[in-house]
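Novice: For 76-108, 158-199, the entry in TrEMBL reads repeat 'WD'.
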Amino acid sequence: EDHALICWHLEGGSAHATIVNHFSNSFNPTDMQWHPRSAQNTGTSMIKQSLDVLLITTADGKFHLVHKTGKIEKSVDAHVGATLCGKWSYDGTAFLTSGEDGKTKIWSRNGMPRSTIFTGHLPILSAAWSPDCSMIIFSLGSQLAIQSLNSNSKPRKWYAHEGLVLAISWNRTNNLIISGGEDCRYKLWDSNGNQLYSSGVSEYPITSINWALNGNYFAVGSYNTIKLCDKTGWSHSLEKINTGSIYSIAWSNDSTQVALGCGNGSVLTAHVIDRRLEWNNYEATLVRRKTIEVREVGNELLE
């Protein structure tokens, strides 16, 4: 809300902020995502390449392609009313936007329009790509809908929550979908829309949800609460934090750290602990951010 673009560097266990740019007072972001680091095969090795471009959607119906230096390289009028969601495809060749006008659109990597894949009457609050980038899942009030990009068929819809669906994530590794809603529940689905898990009712609506890239767990955000769950939906840890609602969750590429954008303007980082590796009769467990506990099973020797 302060119109500032800030870059955070994690060093020595703490986050250091650098202001990259101050945008105009009319620049009110609703969503943002870095261009993904897609793998390029050179014949002898796989090289991770990124365009160093940030996709930002704003409340005036536009999206912006912003260089890492903070320079706006392109701005496009995309929707009538606010542009609510913007997501890069996993291969980085395209991105989607959805808006208050009930439309979901696909754009080329350079911001040229490709298609409008859906037009409805309800604002589309959240959307995500399928693992192979051939389908899009998006929210329609209390429903979820999956639209194929390769056919003109109608989207496959189902009622997902009692109240608005506020957040969606579709994992590239395990092909499972998670959603969070105003009904204070998060749910796990397969790609056909079959429910695999439904949480109990929380105190507050689920405002954000996101898979770790490895597909082994996901994070759920709500008012003053962050929860870590495994891929079957069961909760493994819950932390109460005085930050207001958690509106955005982003995982590191190695799935060990998570960043949280919070309602009071703070950015939090967290580390996944209790990760365990086994080799012969040894067991190593990450018990704190920089502490590994090694146990020799049988002799109960501990280091």
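Every residue gets a Cβ built from N, Cα and C, even glycine.
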Novice: Could you tell me the mean pLDDT the prediction assigns to the repeat 'WD' (158-199)?
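Specialist: Here the predicted model's pLDDT, averaged over the repeat 'WD' (158-199), is 97.
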Novice: Could you give me three numbers for the repeat 'WD' (76-108), the DSSP helix, strand and coil residue counts?
Specialist: 0 helix, 20 strand, 13 coil
Novice: How does the repeat 'WD' (158-199) divide up by DSSP, counting helix, then strand, then coil residues?
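Specialist: The composition, in the requested order, is 0 helix, 21 strand, 21 coil.
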